[in-house]
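Listed features, source TrEMBL:
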type   : residues : note
DOMAIN : 4-34     : domain 'Centromere protein J C-terminal'
DOMAIN : 76-103   : domain 'Centromere protein J C-terminal'
DOMAIN : 111-145  : domain 'Centromere protein J C-terminal'
DOMAIN : 149-179  : domain 'Centromere protein J C-terminal'
């Protein structure tokens, strides 16, 4: 671009005004700033390689050169971080966070302390504030983990519970109930 005017300042700063209306400001430390002809689009390239862009809608895009990470802040408060390994984090104004991992697993962190992870195979894991966990498998099975037991529910209605003391209880759709002790010995079986 053709330079319309160039000004050198006593502090070592140099400003160039281009014919297209852009302003370029060069600082002694190697940082430079470009103000677009609209006066609203600003790009600052820092001496360490970081780049900050301010868009007309006030979206701020900051690229951290060393970490190869981009941090975008939108005018509505949404922040998006994109890491060099492919991980993407979204931080919502209400405090919710959504993380997409390189393997495409999605983890949601809610403001009330609950978590939800959605795995590429369709498995969904939900963790409550009290630490209890629900796992929904893509084959229709469901597991519930609490501090007292682990329970698996099968699509046919069978429910198997393993208690912390090792005792197992299986309830079948037919009404049959089988209980085993921690060593696997049957201590009750109501065969119908």
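Residue 1 is the first one shown; counting continues down the chain.
A Cβ is built for glycine as well, from the same backbone N, Cα and C atoms used for every other residue.
Unlike curated entries, TrEMBL annotations are predicted automatically.
These numbers come from a predicted model, not from an experiment.
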* the domain 'Centromere protein J C-terminal' (4-34) - residue tally per DSSP class, helix then strand then coil -> 0 helix, 17 strand, 14 coil
* Tertiary contacts of the domain 'Centromere protein J C-terminal' (111-145) (same chain, 6+ residues out, Cβ under 8 Å) -> 94-96, 103-105, 151-155
* **Per-region confidence, the domain 'Centromere protein J C-terminal' (76-103) (mean pLDDT, whole number)** => 97
